[in-house]
């Protein structure tokens with residue numbers, strides 16, 4: 001669920017998911033096309049690809065379960081599809097955290113007109 005994704009970003013990367021990543025580069029936020037602009041935008045590209053592989057549930061709407069164990073997010077529940085969504089979200093949040101030092105404000109509110117190149121395959 002997108003709100004849960006935002007919560008995981010807050011927990012793992014320590015930043016507001018919607019504010020920092022909702023409108024970043026060519027892939028963070030709704031849609032996505034072109035070439036990822038930097039490592040953070042690539043996190044979103046990989047996240048989009050991960051969602052694209054999920055079948056049997058809706059990554060943007062379905063609610064999943066997770067827990068925090070020794071500082072780590074552990075995806076759980078009986079539904080393998082929802083667990084997969086959680087893993088996509090967790091991995092993207094970890095990617096954001098790992099690339100905080102290269103987050104570039106010039107890609108925040110990045111105009112779509114600069115995202116016209118052909119998208120690379122997942």
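The backbone N, Cα and C atoms fix where each Cβ goes, and this holds for glycine too.
Annotation source Swiss-Prot lists disulfide bond at 26-115 (among others). According to DSSP, residue 26 (disulfide bond) sits in a coil region rather than a helix or strand.
If you look up Swiss-Prot, you'll see 27, 29, 31, 48 marked as Ca(2+) binding site.
All protein chains shown were included, and the count of other CB atoms within 10 Å of the CB of residue 44 (disulfide bond) stands at 22. In the three-state DSSP scheme, residue 44 (disulfide bond) falls into the helix class. Feature annotation from Swiss-Prot assigns disulfide bond to 28-44 (among others); the stated evidence is similarity to another entry.
Secondary structure at residue 95 (disulfide bond), as computed by DSSP, is helix. Of all Cβ atoms in the protein chains displayed, 18 besides its own lie within 10 Å of the Cβ of residue 95 (disulfide bond). Marked as disulfide bond by Swiss-Prot on the basis of similarity to another entry: 43-95 (among others).
What Swiss-Prot lists as active site is 47 (among others).
Annotated disulfide bond per Swiss-Prot: 49-122 (among others), in sequence order, evidence recorded as similarity to another entry. Residue 122 (disulfide bond) has a Cβ environment of 10 other Cβ atoms inside 10 Å. A coil conformation is recorded for residue 122 (disulfide bond) in the three-state DSSP classification, outside any helix or strand.
According to Swiss-Prot, the feature disulfide bond maps to 50-88 (among others). Residues near residue 88 (disulfide bond) in space but far in sequence (CB under 8 A, at least 6 apart, same chain), listed by position: 47, 50, 51, 54, 59. Annotation note: residue 88 (disulfide bond) sits in a helical segment as assigned by DSSP.
Around residue 57 (disulfide bond), a 10 Å sphere centred on its CB holds 16 further CB atoms from the protein chains shown. In the three-state DSSP assignment, the secondary structure recorded for residue 57 (disulfide bond) is coil. For 57-81 (among others), the entry in Swiss-Prot reads disulfide bond.
When other Cβ atoms within 10 Å of the Cβ of residue 75 (disulfide bond) are tallied across all protein chains shown, the result is 19. According to DSSP, residue 75 (disulfide bond) sits within a strand segment. Annotated disulfide bond per Swiss-Prot: 75-86 (among others), in sequence order.
Just so you know, the Cβ of residue 89 (active site) picks up 28 other Cβ atoms within 10 Å once every protein chain is counted. Annotation source Swiss-Prot lists active site at 89 (among others), citing similarity to another entry.
Spacing of residue 75 (disulfide bond) relative to residue 89 (active site) is 10 Å (Cα to Cα, whole number). Cα spacing between residue 28 (disulfide bond) and residue 43 (disulfide bond): 8 Å, rounded to the nearest whole number.
Considering only the recorded positions 57, 86, 89, 115, the residue whose Cα is spatially closest to the Cα of residue 48 (Ca(2+) binding site) is 89. Take the CB of residue 47 (active site) and look out to 10 A: across all protein chains shown you find 23 other CB atoms.
According to DSSP, residue 50 (disulfide bond) sits within a helical segment.
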